[in-house]
Amino acid sequence: MSVNVNRSVSDQFYRYKMPRLIAKVEGKGNGIKTVIVNMVDVAKALNRPPTYPTKYFGCELGAQTQFDVKNDRYIVNGSHEANKLQDMLDGFIKKFVLCPECENPETDLHVNPKKQTIGNSCKACGYRGMLDTHHKLCTFILKNPPENSDIGTGKKEKEKKNRKGKDKENGSVSTSETPPPPPPNEISPPHAVEEEEDDDWGEDTTEEAQRRRMDEISDHAKGLTLSDDLERTVEERVNILFDFVKKKKEEGIIDSSDKDIVAEAERLDVKAMGPLVLTEVLFDEKIREQIKKYRRHFLRFCHNNKKAQRYLLHGLECVVAMHQAQLISKIPHILKEMYDADLLEEEVIISWSEKASKKYVSKELAKEIRVKAEPFIKWLKEAEEESSGGEEEDEDENIEVVYSKTASVPKVETVKSDNKDDDIDIDAI
């Protein structure tokens with residue numbers, strides 16, 4: 001079924017159509033992903049490379065994307081509904097496809113990585129302008145320009161160079177291809193020609209250009225090493241995640257990197273172990289303050305994930321081992337902070353407290369930590385009993401208290417559900 005490219009236009013005879021996006025969820029657990037089955041057809045209707053809308057979804061959702069161009073597979077990590085992605089595609093079309101003047105999708109992108117600009121030209125109304133490059137996708141477009149885009153010196157100059165090369169091989173220059181001499185008033189001075197030739201002679205060697213080329217190489221390398229990383233052992237992948245988080249902290253951007261961290265953990269297929277890495281990098285003796293500061297980071301891993309919550313508790317044990325003198329007496333308070341922040345569930349905490357493990361810390365320290373945690377564990381169990389006891393009180397509705405003249409204390413009798421018309425003989429009580 002096809003839909004209008006510009007879905008704000010309700011005209012059924014609108015000439016610009018595209019297929020409705022089809023999404024298929026594959027995998028389960030940490031490896032769950034959404035494959036956009038007909039992304040090639042959708043992108044063809046929009047006159048854009050299929051990598052652009054896929055990457056746009058990744059930018060908007062904060063998810064990792066994968067491109068298998070050879071097999072036409074375009075993947076967004078995580079589970080996403082087709083309707084949600086279709087609505088998100090409207091945003092991509094509005095920003096990167098529709099003409100700002102006539103709102104028709106007959107546009108071409110003109111990317112100039114050297115000047116870091118993205119131009120937009122419309123074949124319907126003749127509009128020419130520049131795109132706003134503040135969106136994250138623009139960085140990807142600058143590094144991966146469309147094949148039909150005019151890059152660097154442009155197609156004409158490339159064709160000219162190709163012709164020159166062929167002429168040199170043949171040992172002659174075609175007179176039909178020699179352009180007529182320009183008027184005298186338009187002849188450029190010799191030094192201008194030399195400068196232009198120098199620009200074409202070699203690559204741009206400025207520091208900014210070198211940095212861009214290194215970024216392009218690193219992005220390409222990331223794509224090549226994606227499958228290699230998944231072939232590593234779990235321990236090696238956890239170490240990669242540790243280095244990733246540590247680098248974010250050293251660069252001073254850890255506060256806003258929660259989405260990037262969880263995306264990297266999903267890419268490496270070690271999402272459940274993320275809290276173990278985060279505790280080692282982010283927590284020290286000031287852990288109670290840091291729980292509040294980095295709550296969002298941990299919540300992305302621990303929400304509805306009991307396995308991740310258990311790793312968080314193991315990570316807490318490691319932090320206590322490193323700062324035992326300062327933290328051993330504060331165990332109940334730390335657990336309460338994590339519980340109140342919705343990072344831990346009652347069931348997980350109680351299960352953890354019942355068995356000491358020597359996998360992450362010594363057996364003696366693991367037991368001591370659980371002994372120190374007993375006040376909080378007891379409070380959790382009592383609160384659970386009170387909540388279950390409140391339900392039992394509702395079952396006592398059919399009990400009625402009858403006072404006797406001869407007895408000094410009230411007598412409890414059960415009132416039967418079938419009411420009889422016989423009068424109660426008070427003297428017989």
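Just so you know, glycine gets a Cβ as well, placed from its N, Cα and C.
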Which residue among Ser218, Ser227, Ser256, Ser357 does Swiss-Prot mark as phosphoserine?
Ser227
Which of the listed positions, Ser176, Ser387, does Swiss-Prot note as phosphoserine?
Ser387
Candidate annotated in Swiss-Prot as phosphoserine, out of Ser10, Ser79, Ser121, Ser362:
Ser10
Work through the binding-site residues one by one (Asn30, Gly31, Ile32, Lys33, Thr34) and name whichever has its CA nearest to the CA of Ser10 (phosphoserine).
Thr34
Quick one: give me the count of other CB atoms within 10 A of the CB of Thr34 (GTP binding site).
24
Per DSSP, Asn30 (GTP binding site) is which: helix, strand or coil?
helix
Whose Cβ lies within 8 Å of the mean position of the Cβ atoms of Gly27, Lys28, Gly29, Asn30, Gly31, Ile32, Lys33, Thr34, the GTP site, other than those residues?
Val25, Glu26, Asn77, Gly78, Ser79
Rank aside, I only need the closest one: which of the binding-site residues Lys28, Gly29, Gly31, Lys33 has its C-alpha nearest to that of Arg15 (site 'Arginine finger')?
Lys33
